[in-house]
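Below is one structure, written out as structure tokens; comments come after it.
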Amino acid sequence: MGTFSLVQKSGVVAVGLRRRLVSGKPARTFLGCVVLFLAFLGLSEASYLFVFPPASNAVFWLPSGLTMAWFLRTTKAHWPAWLLVVFLAEVLVVLQHGQPPALAMAWGAAGGLLPFTGASLLRRRTRAGFVFRRPWDVARLVWLGAAVGAIPGTLVAAAASVVWLGDPSFWHVAIGWWSSDALGVLLLCPLFLTWTEPAPPRSGRAVEALSLLVILTGGAWWVFGSVRPREIESALPALLFPLTAWAAIRFGPRGATAATVLVDFMAALHTSRGRGPFAMGSTSVAARVLTVQTYVSVLNGLVLLLAMVVVEEQKARAAAERAEQRMKFLAMASEILSESLDFTTRFAALARLCVQSMADWCVIDVVGEGGVVQRLGGAHREPGSEALLRQLEEQYAPDATSPHPAAEVLRTGKPMLLPLLTDELLQAHAVDAEHARLIRALGTCSAMAVPLSVRGQTLGVLSLGCAAPGRHYSPADLELATELARRAAISIDNARLYRDAQGAIRLRDEILSIASHELNTPMTSLKLDVQTLKRVAAPSGEPLPPSLTRVERQIQKLARLIEELLDVTRITTGRMHLQIEDVDLPALVRDVTERFTEDFSRAACSLTLHAEPSLVGRWDHLRLEQVVTNLISNGIKFGSGRPIEIWVGQADGAARLTVRDHGIGIPPDRLPYIFERFERAVSSRAYAGLGLGLYIVRSIVEALGGSIRVESTVGSGTMFTVDLPPAGPPHAAGKEGER
Ligand code: ADP
């Protein structure tokens, strides 16, 4: 086993011990008391290694680092027990050193005050305990835990020294106590905190960790262990900064705390024995102590800060990478979902995409017609295991009552996350033992099922399973699966809406076709009857009775509407045939405008017609009449009381007809739609019509090989421009056909 994995292992042990201690059982609390007591005694003995003779107290009081970390890591309910243990341990240590019992009691109380004050300040606003992961946490630990937290205990201990030991200077003692307590916290507390914090597993760094350990130990020994002064002696301690920074950058907070503790111990140990730059540079013991303490505080503070910054940066990078992968995955899923309208193909591809990245198997169940659940996609990372998926589908398809997670999600519409699929959970969600066996055979250690929901409806379920024993689905995975399921649900919904819309359009066209044919027959005989009535009412050309004129006009209107409907049916069914012949466009336009004379005067519209004498092309006479009639009647309808201008001539090698009015105009947002079926830019209450005229006009013009465009300004008027190739439609055959 490499050094680094040993180091990792000890971290795991520390985390496990901590978990056991905070879990709250009396036996464990007792175990905690014993461990704390023994560790306290051990560390207090170790602290005496760092005494600078002739001074008698240690430069760092190591138990303070231990007790602070202990109080920060455990629940407050245990604090009374820990306080008692710290008190007893401290009393024992003091008595062992031959001090009076009253002093031992006072110092015992001071020993408990330090972690109590520091931990209370640090945990003030956090219910979950003190977290030691961000740069800000280092600053808080230094300031609140070490600097402020050490004050009350220090004052008590210094007062006791003055009273029972007769120390002449209260402040001198207090400052000595305070600095060694605070440094004890700064030194050991981060070490305990980082090594009891779960850390991401890393491997493959054993050689690097071992090299660093050797270099750092050798380096620190070389820097601090020299007995003869070297020329640059005072600059040498700075050489250890990059080495500890290396530990922080490469091995995070755990590496940083381990490296700093090693350097701190070396510095204090050698200096106290009169070796190295700090001993040689400073003459008095007090100055040596202060130099070591300053060095240790600066080194620890900076290296810890660096480690936390590195952690933050790694976290941010990992989050960005995860987000990018997530985006890529969702983009690929969207592409698959938009590729075809066929669910089976789409969902099979989607399931395959899932098993390439986020799952070992994936199935997609969709509720079909009549509430029957159909499996539309199923894939396994190992193609050989897909037979198992098929067997599961055949034998245990989720239905309304089964305990299957997919069935439960269908019932509740809520996602289900099973991070660790234990045997009990598996039994609870399996129909029978065989079902459970098949699910295990798929290799399921963790699973999740998310609803395909859209517009408050659950259309199906996406189920994912993962087989790697160490990999468990997390809430973040569930979130990704939910987003994927949402997109899949939208695609199902869109496809269904599209299918329904197509059906509705087909039905509408059928009804229109039947209705227009059925209406046309009575309309033809009605027209004949009106002609007969006219002859009877005015046999020798006398003026017609007004009622009969009205009837005739209404019948013409009705006939036009029916004709429009019939034309639309012909266009949509491809039955609009053209009769191509030589047509003189100016003559045709003049004919049509003459027929409108009465309408122009009724609508108070003046007409200006500019037409070339003759412009002949291969077109369909009656259909062209229809085009001109539609454009002029729209001009009259929407430009009532204003002039209308018509121009017929040649432009760009084509025959051009423009019809311009000065009426209400068309709003720009409606312009792109007015040539579509049933599209209108006005309300039907204000202007009668079906919204079919321009659709028919465009269809005729395009069938003749030409084009039509519109320019319009609201309030100023509209101009339609029709361009027709004189040679007629590209494949003009001049066939007779249904009109
Ligand atoms: P209809 O006239 O029966 O509504 P059309 O297909 O002929 O149907 O026209 C579609 C829509 O285009 C009309 O409802 C109207 O809003 C707009 N439109 C057409 N011609 C004109 C025009 N000359 N001036 C203003 N709006 C027009």
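Count begins at 1; order follows the chain as displayed.
Every residue gets a Cβ built from N, Cα and C, even glycine.
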Choose the correct range: of 104-122, 351-369, which one does TrEMBL annotate as transmembrane segment? Give that range.
104-122
Taking the transmembrane segment (27-44) as the first stretch and the transmembrane segment (244-269) as the second, find out whether 3 or more Cβ pairs fall under 8 Å, excluding pairs closer than 6 in sequence.
no
Just to confirm my parser: what is the rounded mean pLDDT across the domain 'Histidine kinase' (514-728)?
92
Which stretch from 50-72, 79-98, 170-194, 244-269, 290-311 shares the most C-beta pairs under 8 Å with the transmembrane segment (142-164)?
170-194
Hey, which of 50-72, 206-224, 244-269 has the most Cβ-Cβ pairs under 8 Å against the transmembrane segment (79-98)?
50-72
Looking at 50-72, 170-194, 244-269, which one has the highest count of Cβ pairs under 8 angstroms to the transmembrane segment (206-224)?
244-269
